Amino acid sequence: MDFSANRTRVTTGLLLAVVPLLAIAMQGWTLFIILTLFCILAQWEFHGLFKTAGPGLFHKVLAALCTLPLLLSFKLESNTWVLLCLMGGFWAAGMAFLIRYSRNPETTDFRTPMIFLCGLIYIPLNFHFFMNFNRAELFLVLLAAVFTDTAAFYVGTAIGKRKIWPSVSPKKSWAGSLGGLAACMLVTTIMGLSLGNGPVWAWPLLGAALNIAAQMGDFFESALKRALAVKDSGSILPGHGGLLDRVDSLLLVVPVYALLRTIHPFFG
């Protein structure tokens, strides 16, 4: 293991942890502001992945302009405005495509409006559930994703040999996957027994479900980057790459937990 690179990775991770801890401590509008800024930066990276499909500065700015009212609509619990933001953003990207196509049809990619809409669904639509969670739930989903990623990385680096899905993510091993599963089940069980509501057996099952979500979210972004011939989503985080590289697992953990809490109020 490269200890210099590992030290950079750990230092960046610790500094990055300050932001969600502040959001959890303050909640309310502080959480909203931090979440909005984060989603805007993450969407900027997302559109940067599709270099050959055409989304440029216009679509990055449009994504930022749509993210604020979209999350604000969720904050104010206005379903009508949520739909209007999604549809308005799509048609704004659609009109930009129409104008570009009329000028130069050979170089205009019809996928651009679809990519724009996917960005809104993939990032702010998934992350808006954060605003519905209480403090314990915010800690739970963050720790589930962090423990899954961290344990999988270090266990896989130490003893991982047999690869779990080499065509999608060549470095991820069965050992790392099982290490992440054990860590996630452990942290959810400890949190559940300390702060939650429910039988003992429910917490390791919840941990397993969140771990599967975390790993699938990770695999999804890995496949996306491989399909687009991109190594990292960005370079803003030394030792980690981009913001999307750091939260790819969280993008599926959050909606999965939001679904499961409708079945059983784990921390209600």
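Keep in mind that glycine also has a Cβ here, set from the backbone N, Cα and C atoms.
TrEMBL labels come from automatic prediction, so no person has curated them.
Here the structure is a predicted model, which means the values were calculated and not measured.
Copied from TrEMBL, the annotated features are:
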- 12-44: transmembrane segment (TRANSMEM)
- 56-74: transmembrane segment (TRANSMEM)
- 80-102: transmembrane segment (TRANSMEM)
- 114-133: transmembrane segment (TRANSMEM)
- 139-161: transmembrane segment (TRANSMEM)
- 173-195: transmembrane segment (TRANSMEM)
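Between the transmembrane segment (12-44) and the transmembrane segment (173-195) there are fewer than 3 Cβ pairs closer than 8 Å, counting only residues 6 or more apart in sequence, so the two stretches are not in contact.
For the transmembrane segment (173-195), the residues of the chain that approach it from at least six positions outside its boundaries are 136, 139-140, 143-144, 147-164, 202-204, 206-208, 210-211, 214-215, 266-267, judged by C-beta separation under 8 angstroms.
Outside the transmembrane segment (80-102), and at least 6 residues removed from its termini, the chain residues within Cβ reach (under 8 Å) are 54, 58-59, 62-63, 66, 69-70, 72-74, 108, 110, 112-113, 116-117, 120-121, 125.
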